[in-house]
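Features of the protein shown, as given by Swiss-Prot:
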DOMAIN    62-293  domain 'OBG-type G'
BINDING   68-75, 114-118, 243-246  GTP binding site
DOMAIN    293-368  domain 'TGS'
Amino acid sequence: MGLEEDIESLEEEIANTPYNKSTEAHIGRLKAKLAEQKEKLEAQQSGSGGGGGYAVEQHGDATVALVGFPSVGKSSLINAMTNADSEVGAYEFTTLNVNPGMLEYRGANIQLLDVPGLIEGAAGGRGGGKEILSVIRGADLVIFVLSAFEIEQYDRLAEELYNVNIRVDAEPPSVTVRRKGKDGIDVNTSGELELDSDTVKGILRERGFINANVTIRGNPSVDRLIDGVMDNRVYMPSLVTVNKVDLIEPSYAGTMKDALRDHGVSPDDAIFISAAEEKGLDVLKERMWRALGLIRIYMDKPGRGVDREEPLIIRRGETVDDAVQKLGGTLDERFRFARVTGPSAQHDDQQVGRDHVLEDEDVLRVVARR
């Protein structure tokens, strides 16, 4: 039996097995084996070229993928926000290649990818879906682009991403596995875990762990535990935009918001836009900035003063050392200390080391050996 047939057989058995406490361990093993087989198939297809794909060279400080079914307005949106020139049409399958555009915002260069419109079954390869989804996996943020008239597409889009191991708006499970030489599998938990020991051990054995110490924090489900021991899961934040709001009647607004709630999206979190009329785009840009966690660092350059025109862009939580690494050159090996003025400093020109955590709009001066 080939990998694809094996996967189909496992999926069928899982679907036909009722889930309860007595079948939990069995289903856990089946799901773990399914994840393992899918990972092997993914590696096999990648190794054989996978049918061309959509190789996109990433540029800028962050990459954002616009995800939506055909003709929801992704091309119009990227053209309105960037200097891209994506063909726009009022019919499906207009975008045949990935069209990157660069958004300049608050001194940052944010690459937006207008990927070909997804169709149902993309994760299974329909419409070049696997190649498209592989591009999305490399992004820092995914934006779901929905039509105001087809809110139900959100569930289908989220499912396609989940099926290729993209986990949006989720933290990786806290699962640590350390191999050992003998004595089987020991399970250590924080006291909250509802899965029994047989289920946990069965999942780990399917993953190839025979002798290991596993530490699990929290109370992950079977699926989350499997995520925690797999290497091919990708975690990223997401935003939901609702396009074409210029075309709706005022009386339809309540229906649209109810539809969002029905599909698990708070209307307060959704961003309502009209790409055609360029409405709501400032709100979208600000929300993107926050979701990406970008911050601006103004460099104090010797003899030239503080450069506020072209800030160094790093991520929230990053340190002086991260800034030094991004600056490149010989600065890393010549580094002595740094001085910081701004939100992260206790006072102006505070002397700090490499591990000092920077904040948005800090002024940084690196003192280096000659």
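Any Cβ shown, glycine's included, is placed from N, Cα and C.
Taking the features listed in Swiss-Prot, we show where each one sits on the structure.
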{"residue": "G68", "record": "GTP binding site", "DSSP class": "coil"}
{"residue": "K74", "record": "GTP binding site", "DSSP class": "helix"}
{"residue": "V115", "record": "GTP binding site", "DSSP class": "coil"}
{"residue": "V245", "record": "GTP binding site", "DSSP class": "helix"}
Note = Taking DSSP H, G, I as helix and E, B as strand, the domain 'TGS' (293-368) contains 12 helix, 38 strand, 26 coil
Other CB atoms within 10 A, centred on S71 (GTP binding site) = 18
Query = Relative to the Cβ position of V245 (GTP binding site), how many further Cβ atoms are located within 10 Å?
reply = 19
Inquiry  = Can you tell me how many other Cβ atoms are located within 10 Å of the Cβ belonging to V115 (GTP binding site)?
reply    = 24
Remark   = One finds that other Cβ atoms within 10 Å of the Cβ of G68 (GTP binding site) number exactly 24
